[in-house]
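Taking it in order: structure first as structure tokens, then the write-up.
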Amino acid sequence: MSKITKVFAREILDSRGNPTIQVDVYTLAGGFGSAIVPSGASTGSREALELRDTNTKYADNWYGQKGVMTAVDNVNNIIAPEIIGLCCKNQRLIDQKMIELDGTPNKEKLGANAILGVSLAVAKAAANELRMPLFRYLGGTNPTLMPVPMLNVINGGEHASNTLDFQEFMIMPLGFRTFKEALQAANKVFHNLAKLLKKSGFETQVGDEGGFAPNFNSHEQALDFLVDAIKESGFNPGFKGENAVAIAIDAAASEFYNGQKYVFKKLKSASLNKNQADLDEKFEFNSEELLNYYGQLLAKYPIISIEDGFAESDWQGFIAFNQKYGNNHQIVGDDLTVTNVEILKKAINLKAINSILIKLNQIGTLSETLDAIHLAQKSGMTAVISHRSGESEDTTIADLAVAVSSGQIKTGSLSRTDRIAKYNRLLVIEEYLNSYAKADYIGREVFYNLK
């Protein structure tokens, strides 16, 4: 048994310049692990609580009372004494001890950010002690599947100060033989998209996740540019065959749902400000109308996946969406399911989705995250490993995606070091796998959830 000898947390900054927590764990046998916790902008109401310094003695340390020194103190003064002396390889025991220490359903006492930082650092320390890559430690010797990247090349919604209400417009390079070739293809599409935007007079500033954030007149205009960029790069906008590049959308519909209707507030405001409101243009939808709108997009564009197409409270919207389009398209739950096993069970029973987005900080421990992934996969769903909009140089999710053979990873565009770090880690993992056996990249076949 290799004991944990030291646990230390500190306050650092994430990719948006907001405070976040970093945790270091040391073991008796010389193991060391360090983890940085991400943070979301558009969050589900049922997510585990990210503890900030609002109304505490640390409140004025940072802008908006967004410090995390309370969470840091909870690690150093409450969690550390309880896990020092425990075996670093007993991940589930340590995670369960922290859950019990907190004692609340959403980890609001100690903070999900405090608990997750320790949970991930413990796993990394154990892997380091064994001189083993993290993905090998978590997944064993079997995983060789590299994930298809979902690259968020056009940002909107809460991730950008532009006119788009849909949060993410992504490309998925499917028709390629290796992860590196897929990334090379995405690189060409990304830079050709920039060229086309500039040629058409659009700005090429980027949003939180490294994608471009132009002020388009419609979501369709964004999709048109994606199709043109794919073609300009010499690839096939579609799902199948050599050089196929598909499109994926994260609508993040909870952000434009007012409790009764779905309202494209940003597009509507931009249209009115420019005095370009078209009498036939529609900005407000009920659930059925929004479903029909998605149907029009799916018929016109090579969209293979839509995430959070309806608000987290609109279960009937999700059920109807999955029933109508789930055989041929990936219907992903994020805000709906928040990486929570109990909520996922409900989604499975209701057949509301055929895929779940996995975000470590939505649930707050590595063990609970793995439980959600395994339940989804056992139920015939895909599990898409995801970053958050507030990220760092931490690359845990790259290893996790390979460890669990998720087949898909969503970690931003080909811009901003906090996003590129994950892609670089995946390139290293692919090289490592090829040195021992052969890394697998299967493109369209990762969608085993589609009929």
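Yeah, the Cβs are placed from backbone N, Cα and C, and that goes for glycine too.
Annotated (2R)-2-phosphoglycerate binding site per Swiss-Prot: Gln167, Lys359, Arg388, Ser389, Lys410, in sequence order. The annotation active site, proton donor is assigned in Swiss-Prot to Glu209 on the grounds of sequence analysis. Annotation source Swiss-Prot lists Mg(2+) binding site at Asp250, Glu307, Asp334. What Swiss-Prot lists as active site, proton acceptor is Lys359.
Structural mapping of features recorded in Swiss-Prot.
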residue	record	CB count, 10 Å
Gln167	(2R)-2-phosphoglycerate binding site	29
Glu209	active site, proton donor	31
Asp250	Mg(2+) binding site	27
Glu307	Mg(2+) binding site	29
Asp334	Mg(2+) binding site	29
Lys359	(2R)-2-phosphoglycerate binding site	24
Arg388	(2R)-2-phosphoglycerate binding site	26
Ser389	(2R)-2-phosphoglycerate binding site	26
Lys410	(2R)-2-phosphoglycerate binding site	30
Can you tell me the CA-to-CA distance separating Glu307 (Mg(2+) binding site) and Glu209 (active site, proton donor), as a whole number of Å? 16
Relative to the Cα of Gln167 ((2R)-2-phosphoglycerate binding site), which of the recorded positions Glu209, Asp250, Asp334 has the closest Cα? Asp250
Round to the nearest Å and give the CA-to-CA distance linking Ser389 ((2R)-2-phosphoglycerate binding site) with the residue listed as 'active site, proton donor'. 6
Name the one residue among Glu209, Lys359, Arg388, Lys410 whose Cα is closest in three-dimensional space to that of Asp250 (Mg(2+) binding site); these are the recorded positions. Lys410
Do me a favour and check the Cα-Cα span between Arg388 ((2R)-2-phosphoglycerate binding site) and Asp334 (Mg(2+) binding site); whole Å is fine. 12
Among Glu209, Lys359, Lys410, i.e. the recorded positions, the one with its Cα nearest that of Asp334 (Mg(2+) binding site) is Lys359
For Arg388 ((2R)-2-phosphoglycerate binding site), the three-state DSSP class is coil
Not counting Asp250, Glu307, Asp334, residues with a CB within 8 A of the CB centroid of the Mg(2+) site are Gln167, Glu168, Ala251, Ala252, Ile306, Asp308, Val332, Gly333, Asp335, Leu357, Ser386, Lys410
Between Glu209 (active site, proton donor) and Lys410 ((2R)-2-phosphoglycerate binding site): CA-CA distance (Å): 10
Quick one: Cα separation, Lys359 ((2R)-2-phosphoglycerate binding site) versus Glu209 (active site, proton donor), in Å? 15
